[in-house]
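Just below is one structure, and these are the notes that go with it.
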Amino acid sequence: MIRFHKVLHVNVELTFDQAGWGCSDHTTVQGVTLELLSKSLDTEAHHGTSHNAPAAAQPPHRHSCWERPGEGTTGEQGSRRTRGEHLYPTPSTRLTGETEGKISISEDGWLYLEQALDWAHTQTHTLELEALVGSEPVEGPVSITINVLDVNNHAPSFNQTDYNGIVKERTPAGVPFARVFATDLDDPESPNAHLSYTLVSQIPNRDNTLFFQINSNTGDISTTAEGERLLKAREGVVHSRGGDFRDSLKKKFDEYCTPTDDIPYELNPFYSCVQRAESRRLNPLEDPDFTLIVRVEDMGGESLNALNGNARVNIAVQENLWVNPGPINLREQLKGIYPMPIGKVQSNDPSALYRLVQKERELTFPFNVTEEGDILLTEELDREDKAMYILVVFAEDSHGNEVDPPLEVQVVVDDVNDNPPICEEELSVFEVQENEPTGSPIGDLMVHDADDINTPNALLSYSLVSQTPSSVFTIDGISGRIQAKQMLQRRDATEYHLTVRVNDPGFSTECKVLIKVIDINNELPIFEMNDYGSHNLSEDTAVGHTLLTVKATDADDPGTGSSRIEFHITAGNKDGVFAMETDDNGEGRLVVAKPLNYEAASSYMLQIDARNPEPLVKGLEYGAESSAVVSLAISDVDEAPVFAMDILDVAVPEDTKAGATLLKINAKDPEGKEILFKMEGDTKGWLEIDPATGEIKIKNKAVLDRETVEAFHFTVVAFEKANPELSSEREVSVRLLDVNDNVPKLTENQAFICVKKPQPIVLTALDADADPFGAPFTFSLAQGKKSPNWDLSTVDGTSAKLTLKKSPSEDKTFLIPINIKDNAGMGITQKFEVRVCNCTELGYCFTKPDVHAGVLGMPTTVGILAGTVGFIALVLVIAFHRIKKDNQKKACREKRMPFSRNSGHNPESHWIPAGKFWSGNTWVNTAFYHKAYSRPPATSLYV
């Protein structure tokens, strides 16, 4: 019997729990020992020879060990190999697989490490172990998998030691302008490779204020709120659009220094110093404004044992010339020469082109912008027409692409006092009851000034110019409120006429006021009858129909608020179905305000009250004489079905499958009768409706297409089954939502290029889909890599430019595969044919005369063939005509031939026997011929 022990030495605690294998206790070995006990295997060993059959392959064993254990040693303290207890010595073993020269086995069956394992190099070692007697395997192979467990033994490192970044003044806080990046060779699924970025220091940092920050997860570097506010670039020379750096520098130098004619700029040491400083400013990273020290740590930066790496970030601050000049304040009606400069913008790109648009959609837009960025006002402004304009300024390159973010510039129109106060009424009328206490308010005089209310231009002052018949009123000089200085009596005067002057700082207006002293309300309105009886109404009575006229009288002074009567329904008017209309002669009309519904209410008992707009005198109350009642009975009628909704709108994707439900119509009959549905106006024939349920579905073979029709309408009719004439209808609006079912397609699929003056070809594509499935398109050469002959670049969202990079040696036609994708990434490859040729002076392809010598084109060949066939047809027609003409002449001669009575057997004789005809060279009996052939030959002469 041989018992085979397999031993691997590592420095971790391992547990082996595979059924059928002996297991050692949980043992922590200080050295590098991993013990694997095999199953017992009974064999007979005679003189080193085994006679047992080979055992079946053993199941694989998987073990995990930490990378970088002690190397080349086994046993205690790594000083010697420790042998297991072997019942029978193992003759020999063989180890194969992914040892990489690091894993070995001793002669007595111990696995050990020759070198440390490295997870970054290999994460798993798969081995096979066999037991041999001589050269014959007696056990195995047994599969052993060693999983290397990562330890944090690799420090993270940046992909660069120095980074450069440029940030403009006033860059919003949190917007990245630079990024650092680091990697770690440890296991990315473990904390060992979880990286965290931090900002160690900022140089300089004079006020202990950090202008920059770093995202701990991404490494993005951005400004802080203080950096957005305080970062300033070094002063330098502003270069004009399209100008030379040296010219701008010389002009600036002349402004500050007195030029010397006899010393050239290049020999002037002061100029040379300024030139060197300006050169450094134009290349700011040669002399950065700030240097940041950034650190990356593994273990998420949360462990004291975390490994780290460092890098520098050099940052230059550039002046941000793209500054909003607003808000711009302009006086209305400003006199001057137009167009008038009112502001200026300057892009950070000296070659930028400026464009100005209005944010609001106004009919007039009196602004413009020049190539130099000057904002111009083209005409006078009127604040009363528009108090503020919002201008949107774009800076773009020659292709219309933005080089700076758009600026919204506010133009505020300042008010001038160009409008007088205006009385809102030609005659302002107020009423006041007699016996009102002194100081009672009469009313506020309403005056309007169109100037800005937030300026002194609209500050109004009021004063009384005149009062008739007596001076009994006063007016507040600021608010325009009129008050009585004494108690008014109708016996003194029933009306007062006032003239009020209203002033603003520059204008004056006079307003007329009439004040009526009215009788006190000491009389009640009285109905002519308090019970207006019962009335019957049909359920289908129209809204607005007058049911009843009521009347009441009031003994107060006519024409005053004390005698004016208003009628109100104060009880029994459920859901506000009825309303009262009042006139000025004491009559009121009871009208239908809402559709009647017998099923909701079959009768009403209404109470109508008569009231004065003026309050009653103290101690007087309204009583029964000021109220009346009326009884209304509603009679039922058979009504048409009623829809649950007045507006039926539905939106569905255009790829909705056939058979899907579009919507379900809800309607019911007021009397509860059975109703049916039908549909009208479905011109596309896409839909069908269930007559019983009102469910509208897409027909089985229907295909909705937004590109055919974006929206359509149809009518649904609900009708009583027993009485189809009683019906109601509703219009249904269906809007088809776009899906990405179309690809961009080239509008042209061929073009030519002249070899001597090659011009780029502009390719344009169209997509029937709407946003976001349409433009902008992505153009690319289909092979996915750069072509040595062609270059394809995007012009805008729907076009690209195809440029010939290398001209062919001869005229040649190319079929270029162009891949065009829409905004959602959907597209196909299309062939575009380009002919490269020599061109004429007019710019068209030129073909040499001998290029196709002896070769006829298709049109020429067809013409020759047609001519030949026509000629043959003409000859045949002439020939047949001649033959026919000859036959006719021959027949005529035979008819005119003189006959003989004496030559019955000779065809040339003048006698033809009776009942005979000549055939060939003899006479034939006509009776025999008819019997045999039915009719004589057409070529024979028959008599």
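Heads up, the Cβ atoms here are built off N, Cα and C, so glycines get one too.
Fair warning: this is a prediction, and the values are worked out from it, not measured in the lab.
Helix, strand and coil content of the domain 'Cadherin' (104-158), in residues and according to DSSP, is 0 helix, 32 strand, 23 coil. The domain 'Cadherin' annotation in TrEMBL covers 104-158 (among others).
Per-residue pLDDT, averaged over the domain 'Cadherin' (159-229), rounds to 93. Positions annotated as domain 'Cadherin' by TrEMBL: 159-229 (among others).
Annotation comment: TrEMBL describes 354-423 (among others) as domain 'Cadherin'. Secondary structure of the domain 'Cadherin' (354-423) per DSSP (helix as H, G, I; strand as E, B; remaining residues coil): 0 helix, 36 strand, 34 coil.
Summarising the annotation, TrEMBL assigns domain 'Cadherin' to 424-527 (among others).
Taking H, G and I as helix, E and B as strand and the rest as coil, DSSP gives the domain 'Cadherin' (537-643) the counts 6 helix, 47 strand, 54 coil. TrEMBL lists 537-643 (among others) with the feature domain 'Cadherin'.
Under the heading domain 'Cadherin', TrEMBL lists 644-746 (among others).
Residues annotated as region 'Disordered' in TrEMBL: 44-97.
Here TrEMBL flags 856-880 as transmembrane segment.
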Answer key: the stretch among 159-229, 354-423, 424-527 with most Cβ pairs under 8 A to the domain 'Cadherin' (537-643) is 424-527
DSSP tally for the domain 'Cadherin' (424-527), helix/strand/coil in that order, comes to 3 helix, 50 strand, 51 coil
